[in-house]
Amino acid sequence: MTDLALIRNFSIIAHIDHGKSTLADRLIQYTGGLTEREMSEQVLDNMDIEKERGITIKAQTVRLDYTGKDGKTYQLNLMDTPGHVDFAYEVSRSLAACEGALLVVDAAQGVEAQTLANVYQSIEHDHEIVPVINKIDLPAAEPEKVKAEIEDVIGLDASNAVLTSAKSGIGIEEVLDAVVERIPPPKGDRSAPLKAMLVDSWYDPYLGVVILVRVIDGVIRKGLQVKFMAGGTEHLIDRVGCMRPKIETLDELGPGEIGFITAQIKEVAQARVGDTITTVKQGASEALPGFKEVQPVVFCGIFPVDAADFEKLRESIAKLRLNDASFSFEMESSAALGFGFRCGFLGLLHLEIIQERLSREYDLDLITTAPSVVYRIQLRASRNDDAREILLHNPADYPDPSRIETIEEPWIKGTIYTPDEYLGSVLKLCQDRRGIQTGLTYVGGRAQVTYELPLNEVVFDFYDRLKSISRGYASFDYEQVGLREGDLVKMSILVNNEPVDALSMIVHRSAAEARGRHMCERLKDLIPRHLFKIPIQAAIGGKVVARETISAMRKDVTAKCYGGDITRKKKLLEKQKKGKARMREYGNVSIPQEAFIAALRMGEE
């Protein structure tokens, strides 16, 4: 058992690429967590995608032993948290498990938008925040300027910020000393009923679900019968341990400690992040605050390119779900794309990661339909149905427009950091996306803009456009601010007067015409010509808002007539005309798969 005064629980907050995982690697190396030979880049990022993109998706933990200046050995529990907005709830639970945080800022780039969001969460948890200025050995490093920025933007005293270079190992000891001296020890009562917070969980093929816990009060040990208070399930603990970063089995975890437990749980969905774990007998009476069900925000359809891969896709999605309970799916079928799944995600990065893992780990070729958000629709009463409220995930399920009383869509509050010279383009982009500006401040040579935007406009291609107009310099972060009423309509795309379900979308009435025209032009270039004219239309209800026509290929039926009578030619041309009219009525237009994929990738405008 470790004395509470010798425990320090801390997390690392940083924007993508500011050196968070590298700093964690150095701390592990310095405290002897791994030998030189076992050390690899980004030890705590287990997934290939995490390493390649330089992002952290799942929260990871590692226990380090460090002998301080006073000669005592401290137990340091480092939580490596995700930095991206999609995983904001995971971050909030990881932060709630700690008493302090290292704020890592790149000495050359300064404070970025994502750093801010997580710092404010950390401040809400009353954390002691230690600023760490990283990459000080870069030629472009300006530590003094960054210190001033931390003070101006975040309002933290950065006079005693630790200067480090995680890559070359400068200042690592100073970071560890700062953790020991400046971050407070946890509080807890060993004799009280067990109360532990479930910080994260993941699936291990040998152990079942591994659960990361922070013990608040009481003791957790092997053989205990515990219950999850929000989930309501009971389990018998069969292993207790910690990561150093290799798995080490322990007898027990006491108050203030962070470690893992296994209890032969088969699905991650049973172990919900933020839940409270207590004993079945004489357990805690009330759960820890802050638990909430994670709801998917962005939805899209995922279909196999080859219909024969459907079963493989079903198995792969089910396996991914074992490890990621925040991702939901149900079967759907489309006339154009066959069988597939309607999947829900926490945000766009989450969608991209799942899609990439499906294609990479399970070797699947996939088509994803345009992402959409959840709309709340109030329906009027009809002759055979009462007035009611529905949630709409899929544009194909859009109800009869005459019954719709109101439609509400989710809005977000976005914070954008951008260098001055790109400010005009950024403001124009936000206005084009129906944004409402709520603030504009200048920090050094950069502007911080806050906008309220409909999430529907952001999921489409907002992030890519923002990066391209600012040459990659702008950073963006958002939080949800609830639902608001909007003038939204369903736009259907008709090819040869037949609606194509996979291409229908919900858009704001003001943007419908432009979006419809763009889609029709796109399809005109992609669908091959047939022997008859093909109209492509974008329609809202019965009203066509945009139209393009693919002209017919012409077969020269008069080629076999040599000179002679004009009436013979007229007769043949008349016959051809009738045939084409009949074809137009009964002919099927085959839309090639590539046309679908290209039309759905409208982001490349």
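One is the number of the first residue shown, and numbering goes on along the chain from there.
Keep in mind that glycine also has a Cβ here, set from the backbone N, Cα and C atoms.
Swiss-Prot has this to say about the protein:
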{"type": "DOMAIN", "residues": "5-187", "note": "domain 'tr-type G'"}
{"type": "BINDING", "residues": "ASP17, HIS18, GLY19, LYS20, SER21, THR22, ASN134, LYS135, ILE136, ASP137", "note": "GTP binding site"}
C-beta crowding around ASP17 (GTP binding site), within 10 angstroms: 16
Per-residue pLDDT averaged over the domain 'tr-type G' (5-187), given as an integer: 75
Which listed residue (SER21, ASN134) has most other Cβ within 10 Å, given these are binding-site residues: ASN134
Three-state secondary structure, which DSSP defines for ASN134 (GTP binding site): strand
DSSP state at SER21 (GTP binding site), helix/strand/coil: helix
